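Asks: Just passing along the structure, written as structure tokens.
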Amino acid sequence: MTVALGRVQERGWFDVLDDWLKRDRFVFIGWSGLLLFPCAFLSIGGWFTGTTFVTSWYTHGLASSYLEGCNFLTAAVSTPADSMGHSLLLLWGPEARGDFTRWCQLGGMWNFVTLHGAFGLIGFMLRQFEIARLVNVRPYNAVAFSGPIAVFVSVFLMYPLGQSSWFFAPSWGVASIFRFLLFVQGFHNLTLNPFHMMGVAGILGGALLCAIHGATVENTLFEDTKDANTFSGFSPTQSEETYSMVTANRFWSQIFGIAFSNKRWLHFFMLFVPVTGLWASAIGLVGIALNMRAYDFVSQEIRAAEDPEFETFYTKNILLNEGLRAWMAPQDQIHENFVFPEEVLPRGNAL
């Protein structure tokens, strides 16, 4: 009698780690989790620490922490001082030299929150790729999430990289984000930028599509239950449809004359509109980072300057932008010691 003994292939440390990372647990870790969880934890933790304890006195001349009397809407982790340029502001770098207090005073917490936040978002997108591959579905969730990542990178990284320093990026707070919106309007006339227009159309269009789709599905649910609550009429394992696409198609055909007849095309369109808008707005931010102008109607400005009776909404907005610049620059960039003569400053409602 012959006995055949098969050799058991030895498993290396990589295989053991791979099995552990992909083990079925309540919160999936995966290889992407090695990037996502530490970066997300450090970014969120840095933001809570910064808004609670860290002042912006040395970078912006402002109070920005709960410790100084700010509330949730006015607290922020502010950008580094303009003099820091585009330094990474590492804790052990030449600016702080390992001094944590000094590092916070220079604005290093903003770099910490922003860079870890960027890698955390990338880790979240990779997580969607990884799980999609493991459960054998398409990776369109990850593709869709590239839109928010593009906006994050363009606003918090690309824009200040195109300017003189990190100082001109948005600080991490509610009121500070509003200040940034006013700043980019006054200095870049962003609302007249076609890429910003596409971004607005994409986001609001996506919200409209979402509302219409949800309402239409609710309108055309099959009566699978006698309960007042229609949710109980659905089972996640049921094979049949839960609403009538035919009825929905007929409804919108009567409303508009046209309607989606293909569920796959309908849902792709709902994906395409907001993601394209996000990417377009990201491209627009890269453009203004390089101080590119869009839609300067110089002929109207010249005519308005020559003819006091000629004015358009465009020329009015240009004057408003000049007012924003004149008022914001001395307040926002106090280190520049801007002094404007009285005759160029806006006066009341006259501008």
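Every residue, even glycine, has its Cβ placed from backbone N, Cα and C.
When I checked Swiss-Prot for this same protein, it listed these features:
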{"type": "BINDING", "residues": "H116", "note": "chlorophyll a ChlzD2 binding site"}
{"type": "BINDING", "residues": "Q128, N141", "note": "pheophytin a binding site"}
{"type": "BINDING", "residues": "H196", "note": "chlorophyll a PD2 binding site"}
{"type": "BINDING", "residues": "H213, F260", "note": "plastoquinone binding site"}
{"type": "BINDING", "residues": "H213, H267", "note": "Fe cation binding site"}
{"type": "TRANSMEM", "residues": "39-59", "note": "transmembrane segment"}
{"type": "TRANSMEM", "residues": "123-139", "note": "transmembrane segment"}
{"type": "TRANSMEM", "residues": "151-164", "note": "transmembrane segment"}
{"type": "TRANSMEM", "residues": "206-226", "note": "transmembrane segment"}
{"type": "TRANSMEM", "residues": "277-293", "note": "transmembrane segment"}
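Can you walk me through where each of these features ends up in the structure?
Replies: Secondary structure at H116 (chlorophyll a ChlzD2 binding site), as computed by DSSP, is helix. The Cβ neighbour count for H116 (chlorophyll a ChlzD2 binding site), using a 10 Å radius and every protein chain shown, is 20.
According to DSSP, Q128 (pheophytin a binding site) sits within a helical segment.
A helical conformation is recorded for H196 (chlorophyll a PD2 binding site) in the three-state DSSP classification. Close to H196 (chlorophyll a PD2 binding site) in the fold, though at least 6 residues off in sequence, lie L190, S281, G284, each with a CB less than 8 Å from its CB.
Under the DSSP three-state reduction, F260 (plastoquinone binding site) is assigned to coil, being neither helix nor strand. Contacts of F260 (plastoquinone binding site) defined by a Cβ separation under 8 A and a same-chain sequence distance of 6+ are given as N249, W252, L266, F269, in order along the sequence.
According to DSSP, H213 (plastoquinone binding site) sits within a helical segment. Other C-beta atoms found within 10 angstroms of the C-beta of H213 (plastoquinone binding site) number 16, with every protein chain shown included.
Here the transmembrane segment (39-59) has Cβ contacts under 8 Å with residues 65-68, 70, 75-81, 104-107, 109-110, 112-114, 116-117, 119-120, 123-124, 167, 171-173 of the same chain, all six or more residues outside its ends.
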Asks: Can you tell me the CA-to-CA distance separating Q128 (pheophytin a binding site) and H267 (Fe cation binding site), as a whole number of Å?
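Replies: For Q128 (pheophytin a binding site) versus H267 (Fe cation binding site), the Cα atoms are 19 Å apart.
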Asks: Go through the chain and flag residues at least 6 beyond the ends of the transmembrane segment (123-139) whose CB is under 8 A from any CB in it; none is fine as an answer.
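Replies: Residues 22, 28, 30-37, 39-40, 145-146, 149.
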Asks: Neighbour count, 10 Å Cβ-Cβ cut-off, for Q128 (pheophytin a binding site): what number do you get?
Replies: 17
